[in-house]
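Taken from TrEMBL, the feature domain 'Expansin-like EG45' applies to 52-166. What TrEMBL lists as domain 'Expansin-like CBD' is 176-255. Residues or ranges marked as signal peptide in TrEMBL: 1-19.
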């Protein structure tokens, strides 16, 4: 086998197509798109931890999202549907600020970059609709551009998320409702639909409250809880009896994971 054919075979096995696309968890592909990026300086701890962010994750290190994260503009955020999704980003078309060779970094969408309608799209209003913008953590930004940069043009594309361990379910709520924060989702990263089941109920659909917090109006205390999670591209995983009958609010449980 010639060296050229061997190289092409290795590309196909790694999931990279000859058209420059990347294979997603569902077997689909997404082309590179143009956008822009800025960053938040990490002067005190993690910049996107304060208040839990618009996805509700809170401490990103505890929930296994680490330092390579970003808030995304409304055109990408989708009222929370983008939370947990992974994007490969590279700085392009700026010889002063982009790192040589246009290296890439994979970031997780963990927050919403709010618009600033009082400023123009190219001067402070970077997250105004319909701009596709990433407000990146400093650690992620410095993987693709120089610290002196203000705003840089980037190319980006959705990619599969690589997570260690199972999906995590943090249960909150009250006597009349149940809320669950779903984190550490592999493959799609995003969550499109959730159902919950107690030992004395059928499957109960949950609605997105905000970010990746899902809620239903039911008292399921004293019952083991199972969850059915549907990812952004339609695949479903059922995690049976994730929480035992004596679960308590504010506890986190680990369940089944999406597998590529």
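Note that Cβ sites are derived from N, Cα and C of the backbone, with glycine treated the same way.
Just so you know, TrEMBL annotations are computer predictions that nobody has curated.
The shown structure was predicted, so the numbers you read here are calculated from the model rather than taken from an experiment.
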### Secondary structure composition of the domain 'Expansin-like CBD' (176-255) [DSSP: H/G/I, E/B, coil]
0 helix, 43 strand, 37 coil
### Task
Tally the residues of the domain 'Expansin-like EG45' (52-166) by DSSP class, grouping H, G and I as helix, E and B as strand, and everything else as coil.
12 helix, 35 strand, 68 coil
### Query
What mean pLDDT score does the domain 'Expansin-like EG45' (52-166) have in the model?
91
